[in-house]
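Taking it in order: structure first as structure tokens, then the write-up.
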Amino acid sequence: MALRSARGDGPTSGRWDGGAEKGDFNAKRKKKVAEIYQALNSEPTDVAALRRMAISEGGLLTDEIRRKVWPKLLNVNTNDPPPISGKNLRQMSKDYQQVLLDVRRSLRRFPPGMPEEQREGLQEELIDIILLILERNPQLHYYQGYHDIVVTFLLVLGERLATSLVEKLSTHHLRDFMDPTMDNTKHILNYLMPIIDQVNPELHDFMQSAEVGTIFALSWLITWFGHVLSDFRHVVRLYDFFLACHPLMPIYFAAVIVLYREQEVLDCDCDMASVHHLLSQIPQDLPYETLISRAGDLFVQFPPSELAREAAAQPQAEKTAASTFKDFELASAQQRPDMVLRQRFRGLLRPDERTKDVLTKPRTNRFVKLAVMGLTVALGAAALAVVKSALEWAPKFQLQLFP
């Protein structure tokens with residue numbers, strides 16, 4: 001059951017950052033909607049263009065568009081969604097009681113003012129989706145916070161389509177969170193401090209001295225920020241971004257939040273309790289579009305492959321959610337980027353030109369910022385690199401193309 005009657009299909013990402021005049025804003029929005037539908041109606045579907053639209057300013061704009069685009073980003077066939085039979089699994093599932101407790105505590109994840117009967121119905125559907133996915137994929141292990149991701153897809157897509165997308169997400173982007181241990185989850189968290197160190201060595205050293213660790217970001221990572229953000233518009237905007245990008249992009253976004261709060265952190269007492277308390281209370285008025293742009297820039301500047309050695313000393317440093325994608329490549333026939341984009345990929349993304357001036361960092365000056373942080377992911381070469389990386393990791397179905 002999609003949530004059309006409760007929230008409608010208006011914009012869910014709020015006004016775009018930048019303070020443009022209303023007329024200009026509306027014109028940009030109409031242009032973007034037209035470009036999205038042009039990509040959707042291409043034969044085959046222009047998934048590369050859809051990824052650019054999801055990353056760029058404002059994201060996918062409405063839940064109606066998300067219902068069409070999110071399945072394309074995950075390469076899910078919407079013509080044959082799985083049957084819903086989770087209710088039959090409640091008595092036999094070892095996870096049922098924990099799932100039930102978590103779902104009962106999820107009241108704030110539903111829109112304010114939603115009729116109680118409708119919310120309770122959605123909570124029942126949420127339980128069924130989770131139990132069905134776990135039953136169909138016995139290698140997956142439920143974790144607290146998983147329901148925060150599932151409910152976002154349920155509210156946008158409805159039960160049947162949400163089941164298909166979350167199942168694909170669970171076996172790829174979220175796979176490491178669903179291991180029997182937290183080892184791989186902790187490894188992904190280990191990317192946080194190396195990213196911060198590349199941009200702001202003083203902030204990194206302060207946090208190391210405080211011994212704050214990375215546990216403050218655990219709920220951000222494993223729920224894709226769904227558990228910590230109160231405005232649903234911000235949550236789905238981030239999901240647009242994450243679904244269009246490499247599976248490790250959420251940890252880059254976590255890093256830019258910490259970097260954005262640099263002065264608050266440095267003004268703290270340099271002890272674990274003070275810094276952890278500050279960082280675990282995520283502000284609700286973050287400049288999301290700016291942070292999305294910066295996260296994309298940092299991913300281009302410092303890709304996971306370059307940070308793996310710092311993230312973990314052992315040779316299996318790349319054993320993260322990204323590793324589950326290595327058997328997936330999109331056939332070129334499934335994509336239709338135009339020649340201009342191809343030329344920009346070839347001409348603008350030369351690592352020697354993009355990185356030579358910023359990889360040497362002074363250890364003492366916290367005001368030194370990367371020039372790349374000024375790039376705009378929505379328009380610049382960084383966006384193309386992020387999309388290109390996402391396409392390299394994106395799922396494929398043998399010879400099955402999008403309808």
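Backbone N, Cα and C define each Cβ position, glycine as well.
Model, not experiment: these values are computed from the prediction.
Sequence annotations record features per position, and here Swiss-Prot assigns compositional bias 'Basic and acidic residues' to 18-27.
The feature domain 'Rab-GAP TBC' is assigned by Swiss-Prot to 60-246.
According to Swiss-Prot, the region 'Disordered' annotation covers 1-29.
The site 'Arginine finger' annotation in Swiss-Prot covers R105 and is backed by similarity to another entry. Under DSSP, R105 (site 'Arginine finger') is assigned to coil, being neither helix nor strand in the three-state scheme. Taking a C-beta cut-off of under 8 angstroms and a sequence separation of 6 or more, R105 (site 'Arginine finger') has no same-chain neighbours.
Residues or ranges marked as site 'Glutamine finger' in Swiss-Prot (evidence: similarity to another entry): Q144. On its own chain, Q144 (site 'Glutamine finger') has Q98, D102 as residues at least 6 apart in sequence with a Cβ closer than 8 Å to its own Cβ. In the three-state DSSP assignment, the secondary structure recorded for Q144 (site 'Glutamine finger') is coil.
The transmembrane segment annotation in Swiss-Prot covers 238-258 (among others).
Here Swiss-Prot flags 367-387 (among others) as transmembrane segment, drawing on sequence analysis.
Through the fold, the transmembrane segment (238-258) approaches residues 13, 50-52, 54-55, 59-60, 66, 70, 73-74, 152, 172-173, 188-189, 191-192, 195-196, 199, 203, 207, 217, 220-221, 224-225, 229, 265, 279, 282, 286, 288, 291-292, 294-296, 298-299, 304, 320-322, 325, 386-387, 389-390, 393 of its own chain, all at least 6 residues removed from its boundaries and within a Cβ separation under 8 Å.
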